[in-house]
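According to Swiss-Prot, the protein carries these features:
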BINDING   Gly34, Gly35, Asn36, Gly37, Ala38, Gly39, Lys40, Ser41  ATP binding site
COILED    326-418  coiled coil
COILED    444-480  coiled coil
COILED    509-603  coiled coil
REGION    666-783  region 'Flexible hinge'
COILED    835-923  coiled coil
COILED    977-1115  coiled coil
COILED    1209-1266  coiled coil
Amino acid sequence: MIERGKFRSLTLINWNGFFARTFDLDELVTTLSGGNGAGKSTTMAAFVTALIPDLTLLHFRNTTEAGATSGSRDKGLHGKLKAGVCYSMLDTINSRHQRVVVGVRLQQVAGRDRKVDIKPFAIQGLPMSVQPTQLVTETLNERQARVLPLNELKDKLEAMEGVQFKQFNSITDYHSLMFDLGIIARRLRSASDRSKFYRLIEASLYGGISSAITRSLRDYLLPENSGVRKAFQDMEAALRENRMTLEAIRVTQSDRDLFKHLISEATNYVAADYMRHANERRVHLDKALEFRRELHTSRQQLAAEQYKHVDMARELAEHNGAEGDLEADYQAASDHLNLVQTALRQQEKIERYEADLDELQIRLEEQNEVVAEAIERQEENEARAEAAELEVDELKSQLADYQQALDVQQTRAIQYNQAIAALNRAKELCHLPDLTADSAAEWLETFQAKELEATEKMLSLEQKMSMAQTAHSQFEQAYQLVVAINGPLARNEAWDVARELLREGVDQRHLAEQVQPLRMRLSELEQRLREQQEAERLLADFCKRQGKNFDIDELEALHQELEARIASLSDSVSNAREERMALRQEQEQLQSRIQSLMQRAPVWLAAQNSLNQLSEQCGEEFTSSQDVTEFLQQLLEREREAIVERDEVGARKNAVDEEIERLSQPGGSEDQRLNALAERFGGVLLSEIYDDVSLEDAPYFSALYGPSRHAIVVPDLSQVTEHLEGLTDCPEDLYLIEGDPQSFDDSVFSVDELEKAVVVKIADRQWRYSRFPEVPLFGRAARESRIESLHAEREVLSERFATLSFDVQKIQRLHQAFSRFIGSHLAVAFESDPEAEIRQLNSRRVELERALSNHENDNQQQRIQFEQAKEGVTALNRILPRLNLLADDSLADRVDEIRERLDEAQEAARFVQQFGNQLAKLEPIVSVLQSDPEQFEQLKEDYAYSQQMQRDARQQAFALTEVVQRRAHFSYSDSAEMLSGNSDLNEKLRERLEQAEAERTRAREALRGHAAQLNQYNQVLASLKSSYDTKKELLNDLQRELQDIGVRADSGAEERARIRRDELHAQLSNNRSRRNQLEKALTFCEAEMDNLTRKLRKLERDYFEMREQVVTAKAGWCAVMRMVKDNGVERRLHRRELAYLSADDLRSMSDKALGALRLAVADNEHLRDVLRMSEDPKRPERKIQFFVAVYQHLRERIRQDIIRTDDPVEAIEQMEIELSRLTEELTSREQKLAISSRSVANIIRKTIQREQNRIRMLNQGLQNVSFGQVNSVRLNVNVRETHAMLLDVLSEQHEQHQDLFNSNRLTFSEALAKLYQRLNPQIDMGQRTPQTIGEELLDYRNYLEMEVEVNRGSDGWLRAESGALSTGEAIGTGMSILVMVVQSWEDESRRLRGKDISPCRLLFLDEAARLDARSIATLFELCERLQMQLIIAAPENISPEKGTTYKLVRKVFQNTEHVHVVGLRGFAPQLPETLPGSDEAPSQAS
């Protein structure tokens, strides 16, 4: 029987009232009695402080301020201490008889916050003779002692042999030691556990039913099923880890894709740039050589063009000099032709205008006579019409206003006065003072006759004037002709000069007739002279081109020599053309073949790369397609063998997994049906009862029970009989054993133990011999040992399976690679190397190009000679027909003589042309120049006087006519007669009006008709005058212009001038054409020279730049090559198939890869920076650095424990295989890890059933507890309805909710929470997450409802509440609950500590006087039965006959307070022993 640990004593050092006091504690009840302020609460506060040194929990309520809403700052501890170092120590002895002193060092902290500093410590190995007070105090004299600080205490204890001192920095470590040594009943791992322990102590200290405990009885009484929860958590953690691993694999697969993408794009980016630089370097070298060849050729061409330019410039200067003379001659000929044409046109105009003027003169004279007659008739018609109009107006006015007619006398008086005025005017004009109205008519006839006579006289003078004017105009015309021909002269000299001019005109006309024959002769000679000059020019040009002077006699022989040379060169050129065509044809064939090979080369190179990779992977060399197919067959055989071995290993691994799963079942049941049957029968599996069997005892018990090791232990077999009827879902052999599962032992059988075997006597006539199994599986330790060995075997099998899977996938990938190679490259992989053939063809092409170049040079020289010979023959063909002209030396003298004679004839022709018409007009009228008509002015004066007389006579006749017309007005002197005859007057007026209107109409018609006719006559006259004046003026202008021209226009002049101009134009055109040809040729030559010069400078610059670039690039390229070889990436970068792409394609490829790489390395700062630096086109080595950095980056991410290679490309291939295998393995592992919902329900139900049985056992211990009217106390445990429904669904209807448990997105806890919400939609889950709710649902305690019930009087069983019980009953009931909690904690912790330790049990009860004697006796009995220590505080002694009683009295001595303590140890025959008193110390009431 294991003894229970006990608290031996409590020691207070330097507390208020207690300087150094040790209270020995009774094994059962220790009573502290005393009045108010005696120090009872201080003593228990010191005990609690040493037990739970947590300032966040300690709160002694009897020292709080009254009525305050918050506690005291020091929470009752600061005021209980004295200044300086204080101690509270507990002296204990545990079940192992080990003395352990635990305590705390306390010290007040200065400040108004009233804080206390606590340091927990423990002392082990202290001898029993040493008292706690001796450890922490030092005696100074008989009445003085000093409290040792903690460091001195430590030094003091370290000096003692075998004593261990431990100081703790955390309360958790302090409580952990106390738990391990059996001082406290429960392991306090966290602040929550400490809080529960403190609440329990606090509830016992102050008594009553603690609501804090009763509300959370599940947390206090029901142990946390940490194993089940840990199993669930491990399962979920494993599933979570599995899923995270799968997700990591998926991420790794994406990383693998990223790695592949990164390697692919980095290779494309760097290899494209690498090959582009390699191609550019080769191209630059070729260009440098080509520039050098072109430079040499261009220099030769420039020298040839310079020689050619000098020759053409000299010839052009000669043509420019000749062109100036030709232009002057041509311009003079053109001007002469224009003058001749102008003179001819002028002469034609003059003749046409003179004829028109004669005709207009006649028409003008006739029209003047017609107009004069029309004017006279017009005047008469106007007078007649005016009189008729006046009379009509007067009659109308009279008829329109009859009253006016009555007043006509006044009007007639006016008319009468007007008539008198007209009469007076006529008298004045006609000089007739005796003129009257009656005689006016007679005088009118007289004056009309006089007017007619004056008109006839004027007409006679006018006729004479016209005749005189005609004679005068002929003289003036002849005089003007003489002046026009000879110039200004006197009128009397005109006759002599005119006769001289007519004689000179005859001589000049004779000379003018010789112009045409002379001109024709001159034209012929000039033509021969020009041909002679052209022949001389052609001969000089020919000699200059030939570079030698030739005589005329040598030209024919030279002509024959040149024709023979042309025939020979023509044959050579023809043969050269055929040879050049053959060479070019061969060159084109070579180029076509090279292009074909260049197109085939990338395919062949890709096939070779693939073949090399296959060779590296398999370590074989392939020389033909047959080797490839044979190796593929070998691969298939190896794959088949590897798959068979992998499947065998996989089957064994699955068997091991199944065995591990079977052995991992809770309770050791290998058959799930046994768990269900045990729950159904209300029993426990035998394997679960013996679950704690050690590994050494496992073989014995396994052999002891034999086949019945999987039996079910039931309390009563008779109650199971009814369940066995119709039972089918069970193992073939089901063993049932009757017994108490709580106290089951192996006394069921009679056993004889042998060597490694047992003999079990089942019955008198039936024995069973069982050997100890080599691998026992009975008990948790044996199963764990077996599981451990199975796990080791599984690790080996898993590693072997992984290796085989890797090998299989590697072989499969190799097989796929061979299949791809056969499908894509086998047809071309073993063909001849196209690059070698390309190199041979390029060599031949260079030879052909060199031969073509030499052939072109030779052909060019022959063509130049051929062209020169053709030009010489052409020139000789033009020279030879003119040899006779070249021999004529007198041709130029004859031309000059004929030209002088032609000049004289042309001068005479110009005189005739200029004055021929004047002389022709002068000749018929030259006789009128003999006399000058001087009487012409007198005749003009007589004609003017006659006109004036005719006008005066006309005015006189008009004045008399007016008088005659107004004769009627003279009779208006008397108007009386008009007033008496009104009606007659009206009638007469009407008759007169009609007559007057008719007369007026006739006068108007006559006037209108004659006016229109007169207007037409005047218009015709004005038109004739205008035409005559215009033509006269134009004629004078034309005559002046003809004189200004100074050229005589005859019929042949224009033709001769045109012929001369055309000849000069032809010469000028030929000269200009040749000059233009030379200028164009010279310009072209200059342009060609400029182009050649620029080309030469450009070629020199390009050549030197290219050479410098080649030299510079060589250094950079050497650095790149050195970096490539040092890092071993040449095989990756030197991709020969890229050499056949253009620079633009490679740059585009690199740019595309760069864009992809920027996205790929966006999250990697190092690679991003290196990539940014590599973008510098002037530093190609940085791209190599980037490629190396990428490879290094990928190498660092290769797991060397899985992938054993440094090559990232190979690593990626191995990674694909490994990730595929891991994915498959983890998927199967997830399926095995997943626990079924039915298993969860069974585990929770089994746990609930076990705890219900345990609570039932606890209730048995409380059946006899009674306090007052309370006869019994018990705990009631029920399963919540909502949770019971959840368990039913999990076990029976889980198929309906597999959508939750099969979801990869939900953990089991989340799926359980979702199911709970689905079943109980009315419950508000608040802000809690499904994971939190699920974890709560995995804790069986949340399925139970617990409450405390009391059997009180006649009320029966009631819920234990403070309001329904008396104070004493509540204290007793609360104490019973606390005892149950402590006992439950011990049961829960039994598995965690050593089995040889039974922890201390101690509770408090302050103010115990509220209990009666019976209740006190019940407490004492309870403590005795449960081996529990109890500390009671009361004002008076309570049952001093039992336990130990301390009497505390606070006394004042010399202004100091101290507590006097007297201890009694029960009632005995001997006198009560007085315990040592306390030291004095100043204190305040506690």
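Heads up, residue numbers simply count up from 1 along the chain you see.
Glycine is no exception: its Cβ is also placed from the backbone N, Cα and C atoms.
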Just counting, how many other CB atoms are there within 10 A of the CB of Gly39 (ATP binding site)?
32
Measuring CB to CB from Gly34 (ATP binding site), give everything in the same chain under 8 Å that is also at least six residues away in sequence.
Lys40, Pro1435, Lys1447, Leu1448, Val1449, Arg1450
Rank 326-418, 509-603, 977-1115 by Cβ pairs under 8 Å to the coiled coil (835-923) and hand me the top one.
509-603
Asn36, Ser41 as binding-site residues, winner by CB count within 10 A:
Ser41
Tally of helix, strand and coil residues over the region 'Flexible hinge' (666-783) according to DSSP?
48 helix, 26 strand, 44 coil
What mean pLDDT score does the coiled coil (509-603) have in the model?
80
Taking every protein chain shown into account, which of the binding-site residues Gly35, Gly37 has the largest tally of Cβ atoms within 10 Å of its Cβ?
Gly37
Just to be sure I understand the packing, how many Cβ atoms besides its own are within 10 Å of the Cβ of Ala38 (ATP binding site)?
24
Applying a 10 Å Cβ distance cut-off over all chains shown, what neighbour count does Lys40 (ATP binding site) have?
25
